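Lifted from TrEMBL, the feature list:
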- A:25-286: domain 'CoA carboxyltransferase N-terminal' (DOMAIN)
- A:29, A:32, A:48, A:51: Zn(2+) binding site (BINDING)
- A:29-51: zinc finger (ZN_FING)
Ligand SMILES: [Zn+2]
């Protein structure tokens, strides 16, 4: 069997979100405070219908909305040695891993999938923020390397969708080494003449932002996403600078010339498909 | 006046006694001279014992020692005809990263690295070795210059990390670091990196994705500072010692884990106690490291570097 497992069209899943709202019927928008009917919010891709605030979404929902008709094949990501440093803080790293695996039903913080976006073939490497804050260790690095190889093999664009606080501290120096490793991976896609597109989602910070996630041929961000190198709290605490309004938000990065565009969630698939088609000189969709 | 670290108190006391005795000894008082020699032998023994088994946290303190030799000291000791080059051609010259052309044991090279400064004024001037985007962009420019003229690149890494500030973020700190890493990995000339003090996170790897990576014996290299790690994972910076242990940030650990290629031993009591000797030892190691790539063509040099990083961690670590 190939390492690409055939993936059946995802079933309509119940979105279970933590909420204070009684009986899960209503969600409260953290931005405008409006109460939103839970089903309405999910139908709207978890974007507030009142103010347009983009809430975080889980990785499966992300893949469904990026690929045409929500259909994709999922690629297995390579297995890596668990807990290479035998790391232990207040808890063992192996325990933290097990908890995250149980919670998310995933092996680690990245999912790699293949499909089309508005007709254009693409490999998506999407971070799972629910898995230890989307932190990047060896498994995530290997996932990106595998995604890059798959893109080259399939002559498809590579789309990286980070949602990560940065490095997986429990893997120490090995997590730092994922910065050069992932950089090599995406450069191999570029050298094959294929587009590398980054969709920055909330949040993208630390070692993830300072490596492959800032190296896209095209840099796209979701509205309001927090994107930056140093955490806002670190800046405030250590440098004692007051943070300007909207600091490190997608729109701030756009204003400062760091990204190409901010694209609302519901327009992502079309826009990214259009970009890939133009860059790869694909014929217009019939 | 020498600076002693907390764990060096017994050594400081002995040194103090020696200085006192020397001070009172006018001329050739044989008894005092004998006493001094005895104390000096004792100090040496104590230094040897202490430095032979430094804990990871103690190494962190040694790596940050204010008198530890910095970039400019090594350049002064090892490089002739040094021509410093400034600026990123877009915004400013960031003095947290210094670089230029020079001759190392007869061989023209491009050498650059973080400079922390050695007194209040120079520390501020060099921003304590914490670079901003313009620093990494200068580094990129210099690496590309070296590649154009086929000069090997030597980087000396010594930084607490990239500067965390509002302006640095506004000018694209993350992008600048990412591009610097990318440039390290792309150039078709040899890149030899040495962690000479503190290898702090993204700010360090931005200059350290080299074909061959060396660490000085008491330097440290880590994804996060022990204090930062402790405050996140232990919820208290007080646990920095435990975090330093857990992070495996010493040269010995990193060599064992296959992350670095070589350790250069420091003189007795650390680099700051014999700066000239340290520079000579580093010079020997650098010369041998650069010689490894003589006659290798550009594509091969790049391929070797890439494969090395891609393989890293794949076989697990020898933890
Ligand atoms: Zn709202």
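Glycine is treated like the rest: Cβ placed from N, Cα and C.
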Among all protein chains shown, how many Cβ atoms are found within 10 Å of the Cβ of residue A:32 (Zn(2+) binding site), not counting that one?
12
Work out, from DSSP, the number of helix, strand and coil residues along the zinc finger (A:29-51).
6 helix, 4 strand, 13 coil
Just checking, which of A:29, A:48, A:51 (binding-site residues) has the fewest C-beta atoms within 10 Å of its C-beta?
A:51
What other residues of the same chain, not counting A:29, A:32, A:48, A:51, have a CB atom within 8 A of the CB centroid of the Zn(2+) site?
A:30, A:31, A:33, A:34, A:36, A:49, A:50, A:52, A:53
Summarise the model confidence on the domain 'CoA carboxyltransferase N-terminal' (A:25-286) as a single mean pLDDT, whole number.
95
